């Protein structure tokens, strides 16, 4: 019996040895595969780290209506990403809304300011317009908008409405209303589609976070726009991680205007207070902060007739001399900085002027790369 067992054992040994060898080979293969996967993961992580280091993340900050969204639209136009049909229709809806709401504001302001109609028959046009309501916020169809075009045209020609417009610093009115009313014949056509200039002037408050990615000479850029109204500012902190630079936008022409949110606070003072908080935050010690004093086109016109000294008594110089006003504005923001070791980069801009923004951003891009990405050389 024992002989039979020994014989069976000798027969089984080669089979067991082969099985052990196969198991060992499978284990070696699994180990090699695990090492290969680990190398692939390490390589992927390294590429992602390099991409993150190369990414230029620019945060657009500033009070509401300072021009951040317009600047972002310019980046899209300048860097070749066309607006599709859906976007154009959305801009058309916004423009119709801007015109109707802005005209209603003017009709209401004329009444409250006690300005008489030039032509009494325009009162019925005003009543027709004031009866318009869109509480649901639904898009206004071109055919519907056309019904209001005759009333809008007649009202805009009336000197009473024009006088109310000239006193717009006394109430809240969108800055693009005049442009759109001046172009009403074109915009009122049934087949109207917005031009690039129309798109730049279309005003819709930013809610949430809007991003735009583009590449300049192999360097990836991410530009982030966050709503500037007080109710939206708590969202700013969601965007602070990994930022390379902050472009702080200021509406330089609003030194005689108050906030829409509280109707008391001077808009320029509000911008200065926000800037002071941002520029002195320890989170941004190594972040370049560039000041954009925007709406230069409006500042040029306003300086001629509205004295900044009336609203900022510490102003020294000629309140109707553009260079004096510009110097004062820069000084106001510069004084808010506690850390004087870094220079304050600033530019006067007109966000609706594509060539101006193209020129300014070229300089800003170089500043950002020199200050924050000295290890990256543009090809």
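Counting starts with 1 at the first residue shown.
Each Cβ is built from the backbone N, Cα and C atoms, and glycine gets one as well.
Pulled from Swiss-Prot, these are the features on record:
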DOMAIN    54-379  domain 'G-alpha'
REGION    57-70  region 'G1 motif'
BINDING   65-70, 200-203, 294-297, 351  GTP binding site
BINDING   69, 206  Mg(2+) binding site
REGION    198-206  region 'G2 motif'
MOD_RES   206  phosphothreonine
REGION    221-230  region 'G3 motif'
REGION    290-297  region 'G4 motif'
REGION    349-354  region 'G5 motif'
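Feature map: Swiss-Prot annotations on the structure.
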residue	record	contacts (Cβ under 8 Å, 6+ apart)
67	GTP binding site	249, 251, 292, 294, 295, 349, 351
69	GTP binding site	204, 206, 210, 225
200	GTP binding site	70, 73, 74, 77, 351, 352, 354
202	GTP binding site	91, 94, 95, 98, 176, 194
296	GTP binding site	252, 348, 349, 350, 356
Can you break down the region 'G2 motif' (198-206) into helix, strand and coil residue counts using DSSP?
4 helix, 0 strand, 5 coil
Compare 57-70, 290-297, 349-354 by their Cβ pairs under 8 Å to the region 'G2 motif' (198-206) and return the stretch that comes out on top.
57-70
Binding-site residues (206, 294), the one with most neighbouring Cβ atoms at 10 Å:
294
Are there residues at least six beyond either end of the region 'G1 motif' (57-70) with Cβ under 8 Å to its Cβ atoms? List them, or say none.
175, 200-201, 203-206, 210, 221-230, 232, 236, 239-240, 242-251, 259-261, 267, 270-271, 274, 278, 292, 294-295, 349, 351-352, 368
Residue 351 (GTP binding site): secondary structure state under DSSP, collapsed to three categories:
coil
Around the Cβ of residue 65 (GTP binding site), how many other Cβ atoms lie within 10 Å? Please give the count over every shown protein chain.
24
Among all protein chains shown, how many Cβ atoms are found within 10 Å of the Cβ of residue 351 (GTP binding site), not counting that one?
26
Looking only at the region 'G1 motif' (57-70), what are its DSSP counts of helix, strand and coil residues?
3 helix, 6 strand, 5 coil
According to DSSP, how is the region 'G4 motif' (290-297) divided among helix, strand and coil residues?
2 helix, 5 strand, 1 coil
